[in-house]
Amino acid sequence: MDTPHRSGHVAVIGRPNVGKSTLTNALVGAKVSIVSPRPQTTRHRLLGIATFEQGQILLVDTPGLHRDQGKSTATAMHRWMNRAARGALEGVDVALLVVRAGQWEEADAFAYQALHQAKVPVVLVVNQVDRLKDKTALLPYLAQVSEGREFAAVHPISALKRKGLEPLVKDVLAMLPEQPPLYAEDEITDKSQRFLAGELVREQLMRQLGEELPYATTVEIERFVVDGALLRIGAVIWVERDGQKAIVIGKGGERLREIGARARQQMEQLFGAKVFLETWVRVREGWSDDEAALRAFGYHD
Ligand code: GDP
Ligand code: MG
């Protein structure tokens, strides 16, 4: 007899930088969520749609909860990211609690507690096992972390190297309700190409700018035009001060060219089309703590 088709929503929860977006992309099979070595790369809640023969997993990728949560020093951007992370639990069937192999911090325990209280089945995903120098440390680590906690399943994986994903998918699918796919099988995310284009520019800002500068930037797609087989995209990079603008542009415009070139490559790969990308840098003072500016730049529900 055929096994029934299953589908449902799966929240991807965890501290910043543990690999939530990398895992989402690995399961979807495309870069729907941007990734960088820096914490707080993900700012929006985003659905990654992973379609398999036996079922469909709708991954809710989230910004990690920001440490300034609730404090008066939290900017409007931090409050937005925290709302997006918390809202991710609404209506989910399963949560993947992603942690980094060998590490278990207070924030991990806090996230587990929150999921447990919300009565969502929690699958512990121990990511980045490829970085563990001493592989024999894994078993004691798993035992220690599982002690006194209820996990529906525990999976050591490497999202980056795509190791251990198959058994994870199998377990997660088995926990989802029997129902037909909720999205068409060629859909990979709930976000528009326009949104994804902006994110791919922002990914390069996270990767190519040093220190605190990426956090003072955002990207607005001013133009997104399908012109035959070509996509014409115009992106504005917003910064908070004139000095930052000069750094993003770089000597002789070199850095901005590199940011544009890499972002364009990524867009062509994701959209499967030729892309003509223009970029500008503009200043809007204090945008990251300005509710009206945030809404204008797409940080709204
Ligand atoms: P997020 O903040 O939890 O979404 O984390 P990201 O997915 O943005 O990943 C943060 C960093 O960890 C990036 O540099 C990733 O390439 C890296 N990373 C993610 N998963 C793995 C993994 O399994 N192994 C290794 N070595 N690095 C990983
Ligand atoms: Mg992320």
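Any Cβ shown, glycine's included, is placed from N, Cα and C.
Now, the feature entries from TrEMBL:
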DOMAIN    6-178  domain 'Era-type G'
BINDING   G14, R15, P16, N17, V18, G19, K20, S21, D61, T62, P63, G64, L65  GTP binding site
DOMAIN    201-285  domain 'KH type-2'
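Where TrEMBL records a feature, it is marked here on the structure.
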{"residue": "G14", "record": "GTP binding site", "DSSP class": "coil"}
{"residue": "K20", "record": "GTP binding site", "DSSP class": "helix"}
{"residue": "D61", "record": "GTP binding site", "DSSP class": "strand"}
Worksheet, complete the sentence: If you rank the binding-site residues G14, P16 by how many other Cβ atoms lie within 10 Å of their Cβ, the lowest count goes to P16
Worksheet item: For the domain 'KH type-2' (201-285), DSSP counts of helix, strand and coil?
Response: 41 helix, 30 strand, 14 coil
Worksheet item: Which of these binding-site residues (V18, K20, P63) have a C-beta closer than 6 Å to some atom of ligand 2?
Response: K20
Response to the item:
Using a 10 Å radius on the Cβ of V18 (GTP binding site), the other Cβ atoms enclosed count 26
Fill in: Mean of the pLDDT scores, which run from 0 to 100, over the domain 'KH type-2' (201-285)
96
Worksheet item: So which of V18, D61, P63, listed as binding-site residues, have a Cβ under 6 Å from an atom of ligand 1?
Response: V18
Practice prompt. Any same-chain residues 6+ apart from K20 (GTP binding site) with CB under 8 Å of its CB? Would you list them in sequence order, or say none?
Written response: V12, I13, G14, S33, T42, D61, T62, G64, V98
